[in-house]
């Protein structure tokens, strides 16, 4: 069991409006009393100090002498010439101040941090061969100065206390063995560093939420560079609903209550009932967000909305055992599908199972688990690894396909394990455990590709052809989730080799960040394959790691790397994962933070290549995982919760 956290292990409640409303970093100085002198050494009798009277400012003394003409309020007038001189002095001081402090948002986005410095090693944990050759073994990181609201040992009020305790596992139970590392009591130095980092991540969430509130309240996403909003996920307020549990976990109680009121009064799923909605995104962002926020607060309206949405989602099934990729709220506006994406049909099990448990209606769980039962009968050339498109018939045969743990397939493998966890290993769960282990065995046998130099510290999982078994030497950022899944499976099922592979995969994902110009990982990394190796060996570039010319180097604020870092830290206790996550946060602050929120990048190897987009999952996942890795281990413990693929914690019970 993890030791009890120090007394100061709490979260912040009730952020004041100035610090939270977009003015982080500003300090308030006392206003002038109107008497006007910019000099500090005023003598009440002489009117001005001797030092000033005889110094370089002596010529200005007359400016502050009393004018014989009194005004009604007892002060004295200054003639027009004197007034102009005062303006010149003030303007000069302003110019000098700007020149000395510099811009807080320069073109290459390197000027965001200022005034507070912290030494961080960029190369912590990297093989010597992968260290950058630019003399950057150490970097002085300048962090943004901002107002930190006082941290209280006890949250104020019964509601805040209840949320605080739920976040720390109240009401959860499981018969499965505990897998989190038994963390010892941390030293005062480690506690201070961890808490400092946690507060800085929390400040990032405050900044992003304030930008969303100001520019896109009630809409799906904010434009973080230009301002304004877009509605590309049903127009139901995706960022609002996706961020509910992040607000709770970070202790933004007032902000959550404001969002909750919007859900109660404005969240309308029927305003365009015939629109063809994205089933997958609706389930993981909206349904998962509502269920998690309910689990962390007990607010009944959230469960009511989740149940309403679940009913609409059933429309996607029609007469098939698999849900169509699109559905409509109006039942008559739905149509049947003929081809089904593996990730879309295999990523509803957690949400539907939890909805059935909470509502007592078994239909959701039955629909979801029937999908896994059908997929479990598939006869595939690569045992356990299925193609991106599947069919809703038992004992389907799949030949000559590309198997991947990236887009269109990824979260299916994630949910095999997590559904077993949510079912507490009971009922149909043993079958899903067997399916997960079969898939992992094939991943290890057919997908792993390593650098030609023989370095065992990192590896990637390439797409593999089921017939030829040739591996494509590339890996999507989406696939970086697999490190966390392998690590959890290793702990639950006593598979130490899976933990070793989990660490190697995560190290490659971290290297993709470390070796990019912005220290941000790209959408996918590609390498040149070693001739004759069938893709089992790839060539690294000593200066860039991956081949930048053929890789997809955009970045949309994805969370998968920090997700695996968080899980590995919680399972091993190794602080190097915290340090690596911290470097990613620093890179986000330097390269993605805007005056409004945080932005995606067109090219991680070009400074300042802002793309004016902030997916709702940046608040739901990326910032949440970063916050959790610097939180005490009892905050959303892996022994109490199972997180859906959008990082929404669901209670285990």
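Each residue, glycine too, has its Cβ placed from N, Cα and C.
No curator has checked TrEMBL annotations; they are predicted automatically.
Per TrEMBL, transmembrane segment is recorded for 83-100. According to TrEMBL, the active site, proton donor annotation covers 281, 523. Here TrEMBL flags 410, 560 as active site. Taken from TrEMBL, the feature disulfide bond covers 480-509. TrEMBL lists 645 with the feature Ca(2+) binding site.
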- Within 10 Å of residue 560 (active site), Cα to Cα, which of the recorded positions 281, 410, 480, 523 are there? 480
- Which of these recorded positions is closest to residue 281 (active site, proton donor) if you go by CA atoms: 480, 509, 645? 645
- Go through 480, 509, our disulfide-bonded residues, and report the one whose Cβ sees the most other Cβ atoms within 10 Å. 480
- Other than its own, how many Cβ atoms are within 10 Å of the Cβ belonging to residue 281 (active site, proton donor)? 18
- Task: Taking the Cβ of residue 523 (active site, proton donor) as the reference point, list residues of the same chain whose Cβ is under 8 angstroms away and which are at least six residues distant in sequence.
- Result: 476, 477, 552, 553, 554, 555, 556, 558
- Count the other Cβ atoms sitting within 10 Å of the Cβ of residue 560 (active site), across every protein chain shown. 24
- Item | residue 410 (active site) versus residue 509 (disulfide bond) - Cα distance in angstrom | 16
- Note on the structure: Integer Å value for the Cα distance linking residue 410 (active site) with residue 480 (disulfide bond) is 10
- Task: Across all the protein chains here, work out how many other Cβ atoms are within 10 Å of the Cβ of the residue listed as 'Ca(2+) binding site'.
- Result: 25
- Item | Around the Cβ of residue 410 (active site), the count of other Cβ atoms that are within 10 Å | 24
- Item | Rounded to the nearest Å - Cα separation of the residue listed as 'Ca(2+) binding site' and residue 480 (disulfide bond) | 12
